[in-house]
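Asks: Sharing a structure below in structure tokens format, with a few things to ask.
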Amino acid sequence: MPKVKALQCALALEISSVTCPGVVLKDKEDIYLSICVFGQYKKTQCVPATFPLVFNARMVFEKVFPDAVDPGDVVTQLEYDTAVFELIQLVPPVGETLSTYDENTRDFMFPGPNQMSGHHDSNRQVTMRRISGLRGNAPRLEFSTTSVITECLISSRKCHTQDKFIYHLAPVEKSHGRLQNRTSRSQKKKSKSPERSKYCINAKNYEQPTISSKSHSPSPYTKRRMCELSEDTRRRLAHLNLGPYEFKKETDKPPFVIRHVDPPSPRADTLLGSSGRDCERDGWSRVHNDHSHLGCCRPKDYKVIRTPHGRDFDDSLEKCEEYLSPRSCSKPRHSARTLLVHSAPSTMPKHSPSPVLNRASLRERFHSDWCSPSNCDEIHDRVKNVLKSHQAHQRHLYDERDLEKDDELELKRSLLCRDSAYDSDPEYSSCQQPRGTFHLDDGEYWSNRAASYKGKSHRPIFENSMDKMYRNLYKKACSSASHTQESF
């Protein structure tokens with residue numbers, strides 16, 4: 001590879017201290033100074049948080065300009081670069097920047113108007129920005145610079161530059177540190193170690209972790225946020241083992257889905273109500289021939305009607321029979337209820353039918369003839385035995401007592417309604433009379449319940465009442481006629 005000449009600009013920076021009289025920091029964490037020149041970041045060692053901050057650090061920044069022809073071109077390109085100083089305190093979680101100072105790199109390296117190469121300026125002072133939240137003077141930075149522009153070969157630039165980076169990696173803390181650094185530098189130049197190229201490649205200071213990141217363990221939230229930074233920052237923070245985290249945004253979450261169930265149609269509701277009322281009938285339950293089921297009533301029958309939904313049309317009727325717990329057969333009751341079941345849409349997965357629906361009826365399972373004379377006779381005999389039992393007799397007495405009480409209550413209610421109706425309006429009294437109750441005579445009332453209790457029909461009672469009425473009218477007419485004759 002041919003060697004090409006280029007111009008190299010080097011800056012030797014010596015930082016002595018940072019002073020800020022009359023200012024006391026609230027936090028007591030250590031402080032360090034971060035410097036960025038030529039796009040290269042370097043930092044001093046940490047010092048206690050008490051002014052003045054004495055650093056006594058020395059560092060070198062170098063950059064090669066292969067396209068530059070003379071030093072004037074280098075100075076022109078330096079005008080597009082900025083030198084930045086940051087005073088950082090190690091306050092968790094990521095540190096706090098107390099004060100900053102930035103200046104054009106050309107003016108920072110060559111403060112004079114005609115100074116280009118070989119400039120040395122000692123005991124320089126610049127005023128940094130005021131610390132936010134604190135009263136008092138702004139921090140003042142004391143340092144010295146030496147700027148040099150020289151020719152170099154591009155092929156040997158990396159090793160030459162990185163060797164100087166290794167030499168200036170450890171800042172100077174004591175007054176005799178310069179002699180030690182110079183001695184180590186001369187020894188490194190003389191020694192030709194085979195690992196020299198390795199140090200030159202891995203000694204990039206701006207890719208190393210910062211002191212602030214090494215001083216504390218970041219929280220899980222900070223880790224996720226750090227993973228969202230640039231690739232250069234990820235490489236610089238690789239020692240934290242952040243992992244392949246990605247901060248999830250709100251837009252990445254899947255939408256919350258709510259299933260909507262179609263309400264039953266009003267037609268189905270009316271069909272359900274009417275069929276439920278019309279199909280409910282009272283009757284004696286039929287008992288099976290098997291003696292193991294004696295004393296049990298036949299369970300209610302449920303008819304399942306599937307209405308068409310979409311393209312599914314199922315008009316078949318399936319009969320479901322289920323056993324109920326044994327109960328008294330003194331008042332057996334049989335009711336057939338019709339259940340309306342909407343079939344699921346074709347897109348929805350259909351559930352497997354219940355095994356009860358596919359089960360054969362009692363007649364098919366036991367092959368018995370319900371209409372045979374033997375079954376009918378057996379049923380009548382069993383019903384007679386049940387009615388003659390002590391339990392049925394007690395229940396019959398209770399029913400008679402209940403009928404008497406109901407008749408008395410009904411008579412009292414009719415009398416109360418009649419009195420209240422007569423007090424308000426005579427015409428309104430007819431509307432307030434209980435339905436099916438008629439006034440006969442001498443405070444007697446006749447109703448359907450009284451007819452069933454006495455065993456008489458309405459016709460003879462009506463004729464008797466009319467006979468009494470006409471007889472009374474005739475007696476009154478006769479008595480009135482006799483009174484008039486006596487008066488004359």
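Yeah, the Cβs are placed from backbone N, Cα and C, and that goes for glycine too.
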Asks: With the ranges 156-175, 256-275, 456-475 to choose from, which does Swiss-Prot describe as region 'Disordered'?
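Replies: That would be 256-275, per the region 'Disordered' entry in Swiss-Prot.
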Asks: If you check Swiss-Prot for phosphoserine, which of SER219, SER352 comes up?
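Replies: The phosphoserine feature in Swiss-Prot corresponds to SER219.
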Asks: From the set SER217, SER372, which residue is assigned the annotation phosphoserine by Swiss-Prot?
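Replies: So the answer, going by Swiss-Prot, is SER217.
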Asks: Could you let me know which of LYS223, LYS248, LYS303, LYS405 shows up in Swiss-Prot as SUMO2 cross-link?
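Replies: Annotated as SUMO2 cross-link in Swiss-Prot: LYS248.
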Asks: Please state whether DSSP places SER465 (phosphoserine) in a helix, a strand or coil.
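Replies: Assignment for SER465 (phosphoserine) reads helix.
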Asks: Considering the modified residues SER219, SER465, which residue's Cβ sits among the greatest number of other Cβ atoms within 10 Å?
Replies: SER465
Asks: Express the distance between the Cα positions of SER465 (phosphoserine) and SER219 (phosphoserine) as a whole number of Å.
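Replies: Just about 103 Å between their Cα atoms.
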